[in-house]
Amino acid sequence: MQNRLSSTRRLGRRALLFPLCLVLYEFATYIGNDMIQPGMLSVVQTFGVDESWVPTSMTAYLAGGMFLQWLLGPISDRIGRRPVMLTGTLYFAVTCLAILLTNSIEQFTLMRFLQGISLCFIGAVGYAAIQESFEESVCIKITALMANVALIAPLLGPLAGAAWVHLFPWEGMFILFAALSLLAFLGLYKAMPETATRRGETLSLSALGHDYALVLKNKRFLGGALACGFASLPLLAWIAQSPVIIISGEGLSSYDYGMLQVPIFGMLILGNFTLARLSGRRPVRRLIQLGAWPMVGGLAIAAVSTLYSAHAYLWMTAGLSLYAFGIGLANAGLYRLTLFSSTMSKGTVSAAMGMISMFIYTLGIEVGKHAWLLGGNGAFNLFNLISGLLWLALVALMLRDKRVGGTTER
(Lines of atoms letter the chains of each structure in order from A and count residues from 1; the text may use other names and numbers.)
(Lines give C-alpha, C1' and ligand atoms only; values in the text may rest on other atoms or scores of the structure.)
Protein backbone atom coordinates (compact mmCIF):
# COMPACT_ATOMS: atom_id res chain seq x y z
CA MET A 1 0.00 0.00 0.00
CA GLN A 2 2.83 2.35 0.91
CA ASN A 3 4.56 1.63 -2.42
CA ARG A 4 1.39 2.42 -4.32
CA LEU A 5 0.96 5.74 -2.46
CA SER A 6 4.59 6.58 -3.18
CA SER A 7 4.11 5.85 -6.88
CA THR A 8 0.99 8.00 -6.95
CA ARG A 9 2.83 10.92 -5.37
CA ARG A 10 5.70 10.55 -7.81
CA LEU A 11 3.30 10.41 -10.72
CA GLY A 12 1.56 13.55 -9.52
CA ARG A 13 4.54 15.67 -8.46
CA ARG A 14 7.47 14.61 -10.62
CA ALA A 15 5.78 13.46 -13.79
CA LEU A 16 3.31 16.20 -14.55
CA LEU A 17 4.81 19.40 -15.92
CA PHE A 18 7.65 17.99 -18.04
CA PRO A 19 5.55 15.25 -19.69
CA LEU A 20 2.78 17.75 -20.42
CA CYS A 21 5.26 20.09 -22.10
CA LEU A 22 6.75 17.22 -24.07
CA VAL A 23 3.35 15.94 -25.11
CA LEU A 24 2.39 19.39 -26.41
CA TYR A 25 5.38 19.22 -28.74
CA GLU A 26 4.48 15.63 -29.58
CA PHE A 27 0.91 16.73 -30.26
CA ALA A 28 2.14 19.49 -32.58
CA THR A 29 4.27 17.07 -34.61
CA TYR A 30 1.55 14.41 -34.74
CA ILE A 31 -1.21 16.80 -35.71
CA GLY A 32 1.25 18.13 -38.27
CA ASN A 33 0.63 14.82 -39.99
CA ASP A 34 -2.90 13.84 -39.01
CA MET A 35 -4.55 17.20 -39.64
CA ILE A 36 -2.87 17.77 -42.99
CA GLN A 37 -3.72 14.31 -44.40
CA PRO A 38 -7.37 15.16 -45.23
CA GLY A 39 -6.10 18.53 -46.41
CA MET A 40 -3.75 16.77 -48.83
CA LEU A 41 -6.64 16.42 -51.28
CA SER A 42 -6.63 20.24 -51.43
CA VAL A 43 -2.83 20.36 -51.57
CA VAL A 44 -2.64 18.12 -54.65
CA GLN A 45 -5.32 20.23 -56.31
CA THR A 46 -3.30 23.38 -55.56
CA PHE A 47 -0.21 21.92 -57.22
CA GLY A 48 -2.15 20.23 -60.05
CA VAL A 49 -1.05 16.63 -59.39
CA ASP A 50 -2.93 13.35 -58.89
CA GLU A 51 -4.04 11.71 -55.64
CA SER A 52 -1.14 9.25 -55.49
CA TRP A 53 0.78 12.08 -53.80
CA VAL A 54 -1.61 12.03 -50.82
CA PRO A 55 0.06 9.18 -48.85
CA THR A 56 3.49 10.25 -50.14
CA SER A 57 3.29 13.31 -47.89
CA MET A 58 3.14 11.02 -44.86
CA THR A 59 5.87 8.77 -46.27
CA ALA A 60 8.20 11.77 -46.57
CA TYR A 61 7.30 12.94 -43.07
CA LEU A 62 8.11 9.56 -41.53
CA ALA A 63 11.29 9.22 -43.61
CA GLY A 64 12.43 12.47 -42.03
CA GLY A 65 11.63 10.92 -38.67
CA MET A 66 14.19 8.22 -39.39
CA PHE A 67 16.90 10.48 -40.81
CA LEU A 68 18.68 11.74 -37.68
CA GLN A 69 17.58 9.21 -35.06
CA TRP A 70 21.04 7.63 -35.13
CA LEU A 71 22.75 10.90 -34.23
CA LEU A 72 20.37 12.79 -31.93
CA GLY A 73 20.23 10.10 -29.26
CA PRO A 74 24.01 9.82 -28.81
CA ILE A 75 24.42 13.61 -29.04
CA SER A 76 21.86 14.07 -26.27
CA ASP A 77 23.74 11.46 -24.21
CA ARG A 78 26.84 13.63 -24.36
CA ILE A 79 25.71 17.27 -24.42
CA GLY A 80 22.42 16.77 -22.58
CA ARG A 81 18.82 15.90 -23.35
CA ARG A 82 17.57 19.40 -22.55
CA PRO A 83 19.47 21.53 -25.14
CA VAL A 84 18.84 19.00 -27.91
CA MET A 85 15.11 18.83 -27.15
CA LEU A 86 14.78 22.61 -27.07
CA THR A 87 16.53 22.85 -30.43
CA GLY A 88 14.04 20.37 -31.88
CA THR A 89 11.01 22.40 -30.87
CA LEU A 90 12.40 25.54 -32.52
CA TYR A 91 13.40 23.60 -35.64
CA PHE A 92 9.87 22.28 -36.15
CA ALA A 93 8.39 25.77 -35.88
CA VAL A 94 10.83 27.12 -38.50
CA THR A 95 10.17 24.31 -41.01
CA CYS A 96 6.41 24.69 -40.60
CA LEU A 97 6.69 28.35 -41.60
CA ALA A 98 9.15 27.59 -44.42
CA ILE A 99 6.68 25.27 -46.18
CA LEU A 100 4.54 28.32 -46.93
CA LEU A 101 7.19 29.35 -49.49
CA THR A 102 6.88 26.19 -51.64
CA ASN A 103 5.42 26.37 -55.15
CA SER A 104 5.50 22.73 -56.36
CA ILE A 105 4.55 19.33 -54.97
CA GLU A 106 8.20 18.29 -55.06
CA GLN A 107 9.22 21.25 -52.91
CA PHE A 108 6.27 20.59 -50.60
CA THR A 109 7.30 16.94 -50.20
CA LEU A 110 10.91 17.95 -49.47
CA MET A 111 9.70 20.30 -46.74
CA ARG A 112 7.54 17.51 -45.32
CA PHE A 113 10.70 15.41 -45.08
CA LEU A 114 12.51 18.23 -43.27
CA GLN A 115 9.55 18.69 -40.92
CA GLY A 116 9.59 14.97 -40.21
CA ILE A 117 13.08 15.25 -38.73
CA SER A 118 11.32 16.84 -35.75
CA LEU A 119 9.91 13.41 -34.89
CA CYS A 120 13.46 12.24 -34.12
CA PHE A 121 13.57 14.42 -31.02
CA ILE A 122 10.54 12.76 -29.39
CA GLY A 123 11.76 9.18 -29.07
CA ALA A 124 15.53 9.61 -29.12
CA VAL A 125 15.55 12.51 -26.65
CA GLY A 126 12.25 13.26 -24.90
CA TYR A 127 11.00 9.76 -24.20
CA ALA A 128 14.49 8.59 -23.30
CA ALA A 129 14.54 11.25 -20.56
CA ILE A 130 11.21 10.04 -19.21
CA GLN A 131 12.26 6.38 -19.27
CA GLU A 132 15.41 7.31 -17.32
CA SER A 133 13.48 9.27 -14.69
CA PHE A 134 10.93 6.81 -13.31
CA GLU A 135 10.52 3.20 -12.17
CA GLU A 136 8.82 0.72 -14.48
CA SER A 137 5.19 0.81 -13.34
CA VAL A 138 5.14 4.60 -12.92
CA CYS A 139 6.89 5.08 -16.26
CA ILE A 140 4.38 2.87 -18.07
CA LYS A 141 1.52 4.85 -16.52
CA ILE A 142 3.09 8.12 -17.63
CA THR A 143 3.65 6.77 -21.13
CA ALA A 144 0.06 5.56 -21.37
CA LEU A 145 -1.37 8.84 -20.08
CA MET A 146 0.86 10.83 -22.43
CA ALA A 147 -0.27 8.63 -25.29
CA ASN A 148 -3.89 9.51 -24.58
CA VAL A 149 -3.14 13.21 -24.95
CA ALA A 150 -1.02 12.63 -28.05
CA LEU A 151 -3.77 10.48 -29.54
CA ILE A 152 -6.09 13.47 -29.61
CA ALA A 153 -4.13 14.35 -32.76
CA PRO A 154 -5.28 11.38 -34.88
CA LEU A 155 -8.71 11.52 -33.24
CA LEU A 156 -9.37 15.22 -33.88
CA GLY A 157 -6.88 15.76 -36.70
CA PRO A 158 -8.97 14.26 -39.52
CA LEU A 159 -12.11 16.11 -38.38
CA ALA A 160 -10.27 19.37 -37.84
CA GLY A 161 -8.35 19.07 -41.10
CA ALA A 162 -11.47 18.32 -43.13
CA ALA A 163 -13.29 21.27 -41.56
CA TRP A 164 -10.28 23.57 -41.92
CA VAL A 165 -9.93 23.17 -45.69
CA HIS A 166 -13.61 24.04 -46.10
CA LEU A 167 -13.14 27.31 -44.21
CA PHE A 168 -9.51 28.38 -44.58
CA PRO A 169 -6.51 27.81 -46.89
CA TRP A 170 -4.50 24.69 -46.03
CA GLU A 171 -1.43 26.87 -45.51
CA GLY A 172 -2.91 28.18 -42.27
CA MET A 173 -2.53 24.75 -40.66
CA PHE A 174 1.24 25.09 -40.67
CA ILE A 175 1.04 28.43 -38.87
CA LEU A 176 -0.98 26.65 -36.18
CA PHE A 177 1.60 23.85 -35.91
CA ALA A 178 4.41 26.41 -35.55
CA ALA A 179 2.55 28.25 -32.79
CA LEU A 180 2.00 25.03 -30.81
CA SER A 181 5.68 24.12 -31.13
CA LEU A 182 6.77 27.53 -29.86
CA LEU A 183 4.44 27.18 -26.88
CA ALA A 184 5.98 23.76 -26.15
CA PHE A 185 9.44 25.33 -26.31
CA LEU A 186 8.53 27.80 -23.58
CA GLY A 187 7.17 25.01 -21.36
CA LEU A 188 10.14 22.70 -21.89
CA TYR A 189 12.56 25.55 -21.26
CA LYS A 190 11.00 25.96 -17.84
CA ALA A 191 10.28 22.34 -16.87
CA MET A 192 12.53 19.83 -18.64
CA PRO A 193 15.10 18.12 -16.36
CA GLU A 194 18.51 16.87 -17.43
CA THR A 195 18.90 13.07 -17.27
CA ALA A 196 21.82 12.32 -19.61
CA THR A 197 24.47 10.11 -17.99
CA ARG A 198 27.40 10.54 -20.40
CA ARG A 199 27.66 14.33 -20.51
CA GLY A 200 31.08 15.65 -21.38
CA GLU A 201 32.21 12.57 -23.31
CA THR A 202 33.59 13.17 -26.79
CA LEU A 203 31.40 11.95 -29.64
CA SER A 204 33.44 9.60 -31.83
CA LEU A 205 31.88 8.22 -35.00
CA SER A 206 33.82 4.99 -34.63
CA ALA A 207 32.67 4.65 -31.03
CA LEU A 208 29.14 5.50 -32.13
CA GLY A 209 29.25 2.78 -34.76
CA HIS A 210 30.54 0.36 -32.14
CA ASP A 211 27.67 1.29 -29.80
CA TYR A 212 25.05 0.70 -32.49
CA ALA A 213 26.69 -2.58 -33.49
CA LEU A 214 26.43 -3.79 -29.89
CA VAL A 215 22.78 -2.77 -29.72
CA LEU A 216 21.85 -4.44 -33.02
CA LYS A 217 23.67 -7.66 -32.08
CA ASN A 218 21.24 -8.03 -29.19
CA LYS A 219 18.64 -10.43 -30.60
CA ARG A 220 16.04 -9.60 -27.98
CA PHE A 221 16.36 -5.89 -28.71
CA LEU A 222 16.19 -6.44 -32.47
CA GLY A 223 13.10 -8.62 -32.20
CA GLY A 224 11.39 -6.14 -29.90
CA ALA A 225 12.23 -3.15 -32.10
CA LEU A 226 10.89 -4.91 -35.20
CA ALA A 227 7.79 -5.90 -33.27
CA CYS A 228 7.16 -2.29 -32.19
CA GLY A 229 7.34 -1.23 -35.84
CA PHE A 230 4.99 -3.92 -37.16
CA ALA A 231 2.55 -3.27 -34.29
CA SER A 232 1.88 0.33 -35.34
CA LEU A 233 2.24 -0.10 -39.12
CA PRO A 234 -1.45 -0.95 -39.81
CA LEU A 235 -2.56 2.15 -37.91
CA LEU A 236 -0.14 4.44 -39.74
CA ALA A 237 -0.95 2.87 -43.11
CA TRP A 238 -4.62 3.58 -42.36
CA ILE A 239 -3.90 7.22 -41.46
CA ALA A 240 -1.95 7.69 -44.70
CA GLN A 241 -4.36 5.93 -47.06
CA SER A 242 -7.77 6.50 -45.45
CA PRO A 243 -8.52 9.86 -47.16
CA VAL A 244 -8.24 8.11 -50.51
CA ILE A 245 -10.02 4.94 -49.33
CA ILE A 246 -12.98 6.73 -47.75
CA ILE A 247 -13.44 9.91 -49.80
CA SER A 248 -12.24 8.85 -53.25
CA GLY A 249 -12.78 5.08 -53.06
CA GLU A 250 -16.10 4.91 -51.18
CA GLY A 251 -17.41 8.29 -52.33
CA LEU A 252 -18.14 9.49 -48.79
CA SER A 253 -17.89 13.07 -47.53
CA SER A 254 -14.99 14.53 -45.60
CA TYR A 255 -17.29 14.62 -42.56
CA ASP A 256 -17.95 10.88 -42.91
CA TYR A 257 -14.20 10.35 -43.25
CA GLY A 258 -13.58 12.18 -40.00
CA MET A 259 -16.32 10.34 -38.13
CA LEU A 260 -14.95 6.95 -39.19
CA GLN A 261 -11.70 7.82 -37.41
CA VAL A 262 -13.47 8.32 -34.07
CA PRO A 263 -14.10 4.66 -33.12
CA ILE A 264 -10.58 3.63 -34.15
CA PHE A 265 -8.73 6.24 -32.14
CA GLY A 266 -11.31 6.21 -29.37
CA MET A 267 -10.56 2.52 -28.84
CA LEU A 268 -6.85 3.28 -28.92
CA ILE A 269 -7.34 5.74 -26.08
CA LEU A 270 -9.49 3.21 -24.20
CA GLY A 271 -6.69 0.66 -24.57
CA ASN A 272 -4.22 3.13 -23.07
CA PHE A 273 -6.54 3.88 -20.15
CA THR A 274 -6.91 0.14 -19.55
CA LEU A 275 -3.13 -0.21 -19.61
CA ALA A 276 -2.71 2.63 -17.11
CA ARG A 277 -5.18 0.90 -14.78
CA LEU A 278 -3.60 -2.55 -15.06
CA SER A 279 0.04 -1.44 -14.97
CA GLY A 280 1.58 -2.43 -11.64
CA ARG A 281 -1.12 -5.06 -11.09
CA ARG A 282 -0.14 -7.38 -13.94
CA PRO A 283 3.31 -8.36 -15.27
CA VAL A 284 4.32 -6.56 -18.45
CA ARG A 285 4.36 -9.81 -20.44
CA ARG A 286 0.75 -10.45 -19.39
CA LEU A 287 -0.32 -7.01 -20.63
CA ILE A 288 1.29 -7.73 -24.00
CA GLN A 289 -0.45 -11.11 -24.18
CA LEU A 290 -3.81 -9.51 -23.35
CA GLY A 291 -3.33 -7.00 -26.16
CA ALA A 292 -2.41 -9.66 -28.72
CA TRP A 293 -5.92 -11.10 -29.00
CA PRO A 294 -7.74 -7.93 -30.06
CA MET A 295 -4.81 -6.79 -32.21
CA VAL A 296 -4.62 -9.85 -34.42
CA GLY A 297 -8.35 -10.60 -34.20
CA GLY A 298 -9.30 -7.09 -35.29
CA LEU A 299 -6.93 -7.14 -38.26
CA ALA A 300 -8.35 -10.53 -39.26
CA ILE A 301 -11.91 -9.16 -39.15
CA ALA A 302 -10.93 -6.20 -41.35
CA ALA A 303 -9.13 -8.44 -43.86
CA VAL A 304 -11.77 -11.19 -44.11
CA SER A 305 -14.68 -8.74 -44.41
CA THR A 306 -13.11 -6.66 -47.18
CA LEU A 307 -11.85 -9.70 -49.08
CA TYR A 308 -15.43 -11.01 -49.01
CA SER A 309 -17.01 -7.64 -49.85
CA ALA A 310 -14.67 -4.92 -51.10
CA HIS A 311 -16.88 -2.09 -49.85
CA ALA A 312 -17.48 -3.41 -46.31
CA TYR A 313 -15.90 -0.30 -44.85
CA LEU A 314 -17.95 -0.46 -41.65
CA TRP A 315 -16.62 -3.95 -40.90
CA MET A 316 -13.15 -2.68 -41.74
CA THR A 317 -13.61 0.18 -39.26
CA ALA A 318 -14.86 -2.25 -36.60
CA GLY A 319 -11.86 -4.54 -37.09
CA LEU A 320 -9.37 -1.69 -36.99
CA SER A 321 -11.04 -0.36 -33.83
CA LEU A 322 -10.57 -3.71 -32.09
CA TYR A 323 -6.95 -3.79 -33.26
CA ALA A 324 -6.44 -0.25 -31.94
CA PHE A 325 -7.63 -1.28 -28.47
CA GLY A 326 -5.08 -4.10 -28.47
CA ILE A 327 -2.17 -1.91 -29.48
CA GLY A 328 -3.11 0.61 -26.80
CA LEU A 329 -2.93 -2.17 -24.23
CA ALA A 330 0.25 -3.88 -25.44
CA ASN A 331 2.60 -1.36 -26.98
CA ALA A 332 3.90 0.67 -24.01
CA GLY A 333 5.01 -2.48 -22.20
CA LEU A 334 6.69 -3.85 -25.31
CA TYR A 335 8.51 -0.55 -25.79
CA ARG A 336 9.74 -0.65 -22.20
CA LEU A 337 10.98 -4.25 -22.44
CA THR A 338 12.77 -3.51 -25.70
CA LEU A 339 14.42 -0.33 -24.44
CA PHE A 340 15.83 -2.08 -21.37
CA SER A 341 16.85 -5.26 -23.20
CA SER A 342 20.20 -3.54 -23.87
CA THR A 343 22.57 -2.09 -21.28
CA MET A 344 23.71 0.61 -23.69
CA SER A 345 22.80 4.24 -22.87
CA LYS A 346 19.12 4.81 -23.48
CA GLY A 347 19.64 7.65 -25.96
CA THR A 348 21.45 5.24 -28.29
CA VAL A 349 18.99 2.39 -27.72
CA SER A 350 15.97 4.65 -28.20
CA ALA A 351 17.48 6.07 -31.39
CA ALA A 352 18.08 2.58 -32.77
CA MET A 353 14.48 1.66 -31.98
CA GLY A 354 13.23 4.81 -33.67
CA MET A 355 15.22 4.20 -36.84
CA ILE A 356 13.98 0.63 -37.15
CA SER A 357 10.37 1.65 -36.55
CA MET A 358 10.50 4.60 -38.95
CA PHE A 359 12.07 2.42 -41.65
CA ILE A 360 9.21 -0.06 -41.28
CA TYR A 361 6.63 2.75 -41.39
CA THR A 362 8.18 4.49 -44.40
CA LEU A 363 8.48 1.34 -46.47
CA GLY A 364 5.24 -0.17 -45.19
CA ILE A 365 3.06 2.85 -46.01
CA GLU A 366 4.26 2.76 -49.61
CA VAL A 367 3.64 -0.99 -49.81
CA GLY A 368 0.18 -0.46 -48.34
CA LYS A 369 -0.54 2.26 -50.90
CA HIS A 370 0.39 -0.01 -53.79
CA ALA A 371 -1.57 -2.89 -52.25
CA TRP A 372 -4.68 -0.70 -52.29
CA LEU A 373 -4.01 0.52 -55.84
CA LEU A 374 -3.63 -3.07 -57.07
CA GLY A 375 -6.21 -4.92 -54.97
CA GLY A 376 -8.46 -2.41 -53.25
CA ASN A 377 -9.59 -2.60 -49.64
CA GLY A 378 -9.14 -6.37 -49.41
CA ALA A 379 -5.47 -6.30 -50.40
CA PHE A 380 -4.82 -3.31 -48.13
CA ASN A 381 -6.28 -5.05 -45.08
CA LEU A 382 -4.55 -8.33 -45.94
CA PHE A 383 -1.28 -6.41 -45.88
CA ASN A 384 -2.21 -5.07 -42.43
CA LEU A 385 -3.00 -8.60 -41.20
CA ILE A 386 0.40 -9.84 -42.39
CA SER A 387 2.00 -7.02 -40.39
CA GLY A 388 0.03 -8.09 -37.31
CA LEU A 389 1.08 -11.72 -37.71
CA LEU A 390 4.73 -10.69 -38.01
CA TRP A 391 4.30 -8.76 -34.75
CA LEU A 392 2.79 -11.81 -33.08
CA ALA A 393 5.65 -14.07 -34.19
CA LEU A 394 8.31 -11.63 -32.98
CA VAL A 395 6.62 -11.11 -29.62
CA ALA A 396 6.26 -14.87 -29.13
CA LEU A 397 10.01 -15.26 -29.68
CA MET A 398 10.79 -12.38 -27.33
CA LEU A 399 8.58 -13.73 -24.53
CA ARG A 400 9.76 -17.30 -24.92
CA ASP A 401 12.08 -16.64 -22.00
CA LYS A 402 9.66 -16.64 -19.03
CA ARG A 403 11.88 -14.19 -17.15
CA VAL A 404 11.23 -11.41 -19.69
CA GLY A 405 8.61 -9.01 -18.33
CA GLY A 406 7.58 -11.49 -15.68
CA THR A 407 7.80 -9.22 -12.63
CA THR A 408 5.16 -6.83 -11.35
CA GLU A 409 6.69 -3.54 -10.24
CA ARG A 410 4.58 -1.10 -8.20
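Every residue, even glycine, has its Cβ placed from backbone N, Cα and C.
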ARG78 vs ASP401, membrane side identical per Swiss-Prot: yes
Interface-richest range of 110-130, 287-307, 314-334 toward the transmembrane segment (53-73), CB pairs under 8 Å: 110-130
Top Cβ-contact partner of the transmembrane segment (379-399) among 16-36, 110-130, 167-187, 287-307, 347-367 (pairs under 8 Å): 287-307
For the topological domain 'Periplasmic' (248-255), sequence-distant contacts whose Cβ falls under 8 Å of one of its Cβ atoms, 6 or more beyond its ends: 38, 41, 51, 159, 162-163, 165-166, 311, 313, 372, 376-377
DSSP residue counts for the topological domain 'Periplasmic' (308-313), split into helix, strand and coil: 2 helix, 0 strand, 4 coil
Recorded stretch, among 167-187, 287-307, 314-334, maximising Cβ pairs under 8 Å relative to the transmembrane segment (227-247): 314-334
Structural state census, the topological domain 'Cytoplasmic' (74-84) (DSSP three-state): 10 helix, 0 strand, 1 coil
